[in-house]
Amino acid sequence: MNPQALLIFTMSLLLGSSTVISANHWIMAWAGLEINTLSILPLISKTHHPRAVEASTKYFLVQAAASTLLLFSSMTNAWFTGQWDITQLTHPMSCIMLTAAISMKLGLVPFHFWFPEVLQGSSPMTSLLLATAMKFPPTVLLILTSPSLNYTLLSLMAIASTALGGWMGLNQTQIRKILAFSSISHLGWMTIILIYNPKLTLITFYLYSLMTAAIFFAINITNTLKLSTVMTAWTKIPSLTAMLMLTLLSLAGLPPLTGFLPKWLIIQELTKQELTVTATVMALLSLLGLFFYLRLAYCATITLPPNSTNYMKHWQTDKSVNTPAAVLTMLSIMLLPLSPMIMTTP
């Protein structure tokens, strides 16, 4: 892609996200989401591959429908209450429509169908944007309106997302699809605690973005997109593949890695709110995700593929050492000791 065009689209993404985050009026938030959608479409379809064009079309249709529903929700609320302020969403029908609109934008169950397909059709770096940065503005809107939302509906969607993200990831062989279902599962964890502790939702989102970025950088460097190619990736950069295994286990939530922190805090908060059954169900459903992360880690570091023909091993890649990948990987593994500081931040 032309560097000037890439710069324009990147700046537009920053502008759209900043507009949503700083907005008080529903029309401003809607405009920011639209800028985001229009900025990411050329990045999805930049390879001109039929699958990429299909992914960008699906993304556009889903996001347009979600934006329409969000605008309709805010207009209904303004019609009944006279309020355009984001934090003053009080009409029950508006709250339900907004929950549906934001869920569609994020990819929460039952509006998740588009997300794995769009990620599969995008390049690894665009997939990273879709799984992390593009989900931040809708998450902020969800947090701002959280006092007005229906907790029963959110809980059902959160448990369904965690369950489906785990179940559907079990049978996948494409890494981007596995990470898409991982994203759906993590969204369930963020949503379940939204009403009780919005700050914890943000912490979970930040740590999830950190770990996902480390994994996408690793698969971009080693150019591995399927489980079968992960098995041969150890010949390129053995140290990076070993660190990839630890990052995957961190994303699964195993102690003493960074990913254990949000799950631990969420289960602790749910128990404090006397939602022991919900906490138990969420903890059990996270085992499904653990299985496919372990399978990915096993393929990356422990399995050797059957070689019927002799071929030259590639002991290093053409690319230079990637500093962002190294920094993100270390943060994805070693942040758990900082948990007291994270818990005490206002």
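Cβ coordinates come from backbone N, Cα and C, glycine included.
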Looking at 130-150, 151-171, which stretch does TrEMBL describe as transmembrane segment?
151-171
Contact set, same chain, for the transmembrane segment (202-221): CB under 8 Å, 6 or more residues outside the stretch:
124-125, 127-128, 131-133, 135-136, 139, 143, 175, 179, 182-183, 186, 189-190, 193, 237, 240-241, 243-244, 247-248, 250-251, 258-259, 261-262, 265-266, 317, 319, 322, 324-325, 328-329, 331-332, 335, 342
